[in-house]
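The domain 'AB hydrolase-1' annotation in TrEMBL covers 28-282. If you look up TrEMBL, you'll see SER108 marked as active site, nucleophile. The active site annotation in TrEMBL covers ASP248. The annotation active site, proton donor is assigned in TrEMBL to HIS275.
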Amino acid sequence: MIRQGFVEWAGYKTWFASFGESVAGRLPLLVAHGGPGMTHDYLLPLQALASSGRQVVFYDQLGNGNSTHLPEYGGDTGFWTPTLFLAELDEVIKHLNLDAGMHFLGQSWGGMLGIEYAVRRPKELASLILADSPSSMSTWAAELGKLRDGLPDDIRQVLDACEAAGATDTPEYAEATLAFYRRHLCRLDPWPEGMQRTYDLAVQFPTVYGTMIGASEFNVTGSLSSWDMDDQLFRISVPTLVLHGEFDEATDEVVRASRELIPDVEYRKIPGTSHTPHLEKPELTIPIIAEFLARHDLS
């Protein structure tokens, strides 16, 4: 069964899609996309988790995809904050009656949101999956700098020249950035339809990403620039799976704090993948997630 609709809150509309129904003993899974400023589309392969009798819910966060777009708030770093998206998350949980018990999977920025959510120790949360997610933007920025240094000389020269000239909105800069993404975001060629759609929509509607991150991954200047939850990770009380890829922009160092500071944690690195293991190696990634969820349905 597939159900789609909107959660209306504070004058906004947040779109959701729910796949399947949970049978007795199976808790629903709520999935949060990355970005910030992406859409749910690239995560849809995770709907396969519904085949075991589990409700799987996706949603497009405010400003993205099928939800309310607010381009008039572009550049407003006081508006586009984690607090806004936590408020939205609370409304989604309440509207879909997930407050009776659920799992949460956040991919990249979605995992950052998951950390913010989990440190509050919400009673409904049974487990947390942090897929390809940083816990500190300063660590993220330092590691991306190292990955950038590993790009071919001609790509780095384009990035450097465009940034020096303030030309980060040019096709040349976009193409050079895409070369990085094809190494460390998604290594499939061509990209799957859902990944391409997510990327195209993010480029077409840059309000959220541009305000919270900035012109690109390489120079975080937006409202998330000083975001750091490393000193709060000990507060996460539920079983947590930290998952990332071998060539992920969320490198070993990016996920180190989550691995070491969350009390009840499991860790898996998916070989041959980057920032989207669920797309690049679904035959490895999805069973790992399914098995983790099944073990913690009654936590």
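Heads up, the Cβ atoms here are built off N, Cα and C, so glycines get one too.
Mean pLDDT for the domain 'AB hydrolase-1' (28-282) in this predicted model: 97. In this structure the alpha carbons, written CA, of the residue listed as 'active site, nucleophile' and the residue listed as 'active site, proton donor' are 8 Å apart.
Within 10 Å of the C-beta of ASP248 (active site) there are 25 other C-beta atoms, taking all protein chains into account. In the three-state DSSP reading, the residue listed as 'active site' counts as coil. The Cβ of the residue listed as 'active site, proton donor' has SER108, ASP132, HIS184, LEU185, CYS186, HIS244, GLY245, ASP248, GLU249, ALA250 as same-chain neighbours under 8 Å, each 6 or more residues away in sequence.
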